[in-house]
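A quick write-up on the structure given underneath.
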There are 2 protein chains.
Amino acid sequence: MSERILDFLRRRQTDGPCVVVDLDIVRDNYAAFANALPDTSVYYAIKANPAPEVLNLLHELGSSFDCASVGEIEMVLATGAAASRISYGNTIKKERDIARAYALGVRLFAVDCVEEVEKIARVATGSRVFCRVLCDGIGAEWPLSRKFGCDPAMAPDVLERAHCLGLEAYGVSFHVGSQQANLWAWDLALGMAADVFNEMSRRGIELKMVNMGGGFPTRYLKDVPGVPSYGEAIFHALTKHFGNRLPITIVEPGRGMVGNAGMIEAEVVLISRKSSDDELRWVYLDIGKFHGLAETMDEAIRYPIRTPKDGDETAPCILAGPTCDSVDVMYEKTPYELPVSLSIGDKVLIEACGAYTTTYSTVGFNGFAPLASHVI
Amino acid sequence: MSERILDFLRRRQTDGPCVVVDLDIVRDNYAAFANALPDTSVYYAIKANPAPEVLNLLHELGSSFDCASVGEIEMVLATGAAASRISYGNTIKKERDIARAYALGVRLFAVDCVEEVEKIARVATGSRVFCRVLCDGIGAEWPLSRKFGCDPAMAPDVLERAHCLGLEAYGVSFHVGSQQANLWAWDLALGMAADVFNEMSRRGIELKMVNMGGGFPTRYLKDVPGVPSYGEAIFHALTKHFGNRLPITIVEPGRGMVGNAGMIEAEVVLISRKSSDDELRWVYLDIGKFHGLAETMDEAIRYPIRTPKDGDETAPCILAGPTCDSVDVMYEKTPYELPVSLSIGDKVLIEACGAYTTTYSTVGFNGFAPLASHVI
């Protein structure tokens, strides 16, 4: 609970829901990654929160950046960071966007198929590419689909093709799944990466880099291991699989860098029941799935919520947003315990909202403004 | 297939995905509702597409408007429409938003509980209120949750409370569920509405209006009944349940008014396979769940897609969007048949995208711009 955020909220003059991000916490998170993984470069996944203040701070701290689009690359360059600190980490890129990124100085690209390699070879001569491999995501709260990455058995062909087309076959990447609390996930994935290194070596091509992706969790309602535990587990797995020939390594924290740095203040718009004998209250907030809380989709992320009545007796309720859309319901399958004394007009604080809230907001669904954001 | 839209797309100079809405089709849709339901007022549900050109046209045609927020009310007033043609149809409203709407001249409000009635009584003296009742949504492609409306048995208490607090207990509303292809749905709902009328009459209060909501479908891949069939079914049900004392009636088409009027042009960014023996291609477009195609959530809406290779042999593929988000996949559980000859760089046309696309777009997730919109 950031006192700075609470103080800001007490003083603010504006109306409506907003998210407030505390840069001191982002600074602490960056230091935790740098300390836990001293030989690994941190590439902040800017999609988690591209607020200019966050990018400026991380630039000053020496972070590198994982970008999903030319738009994100331009945001990073606006901080003054060199293009050499950028990875164009999206495996799905238009050829003209690759060319634009190359013109801006970017030389590091993600791929997961031969078709993408060919685009890069045509318009980003001599660049480094790393091949993303599929990872099963066991233990992640939000296992990734098969959308990104190829079967590990196919990766050597993709990388060899890059090599033959004059690109530098630079390494391998994986993503263990979002909000990954299982420390063994990195061990399995690094074993797979080492297999690709070995196969490439057999083909006469020496890879150099392993991009270990993101997946570092934020604490929501359940406890999660701290960054130092991840650092130890990763170091142990690296040594186990690569011996004394450790590769260059990268991590791409997004949620892990900013998730716990932000808090949303919202207002209770309505509390009602559907019938005179309804056992559950419906609690409607002035923010929902379409204005910042998209990660409640399928009730995936369960945010901690503080109310002015905390400590009073609680009862389960269904929590919903303010739009005329029936899917704009946050928690229904597993109702949320809130104080019985909670009233219409009360302000609630939703914690751990620094990641995947602002840019997930719609432009104005139902005529409500996008989520306001303050970085302090 | 609108020739005007195809012509616009051939001439456009801009890059990137966009939606184009043909006002001639909106005009035809309005006429179809007016003809099929000559004694019913059309309140366009502006959340479906609040483009100023659409609102201006519907204002000229004599439509009224169903608004979800003060923001939407202001958009309607900007067309020059009188506030008397606005229904504030959201059952979840801040008291200060009710007061703002009242100050703007709005006098018709939706409620579904006593708590909301009390807010309106405090700040919108003498207004008309209608009570939304729960409807089961059988037959709808997208049945609504229980988020809006109360048990029909509770509605008389809600309306009586309104009456006692000096409001006009004006009527009942329901929503049969989105993309409702079952014509019997209105019969069941109107029977329920008549029960509420009768109970209120027994209490000495005569209701006047039935708001029959939306739910009128757009043709996606499957055929749906035409608007005239809905008109007949509704007229028949009204007569059956209300006899010769027909109430004032309202409908709130959103999707039915603009869905088939819009088309999205998108580009194939990548086509790949996950392994050398993968049976399914992954086809990635430059638009997905976060930039206009949110209604593919749970594969709810299955859009017709045209490609320049239509007529060639097809094979199933997984269709995904361009963001680095693993949930940004449109069709995977039921793969989509697309031509085997489809290539990277091909433009595809996604039909029936006039509703619930533009304002559903995120402000800039992954650094991609929101969906561009052109109304012609």
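We count from 1, first residue shown onward.
Yeah, the Cβs are placed from backbone N, Cα and C, and that goes for glycine too.
Here TrEMBL flags A:26-258 as domain 'Orn/DAP/Arg decarboxylase 2 N-terminal'. Averaged across the domain 'Orn/DAP/Arg decarboxylase 2 N-terminal' (A:26-258), pLDDT in this predicted model comes to 94.
What TrEMBL records for A:Lys47 is N6-(pyridoxal phosphate)lysine. Sequence-distant contacts of A:Lys47 (N6-(pyridoxal phosphate)lysine), defined as residues of its own chain at least six apart whose C-beta falls under 8 angstroms from its C-beta, comprise A:Ala68, A:Glu72, A:Gly254, A:Tyr356, A:Thr359.
Annotation comment: TrEMBL describes A:Cys324 as active site, proton donor. In sequence order, A:Asn366 make up the list of same-chain residues 6 or more apart from A:Cys324 (active site, proton donor) whose Cβ falls under 8 Å from its Cβ.
A:Lys47 (N6-(pyridoxal phosphate)lysine) falls within a helix when secondary structure is assigned with DSSP.
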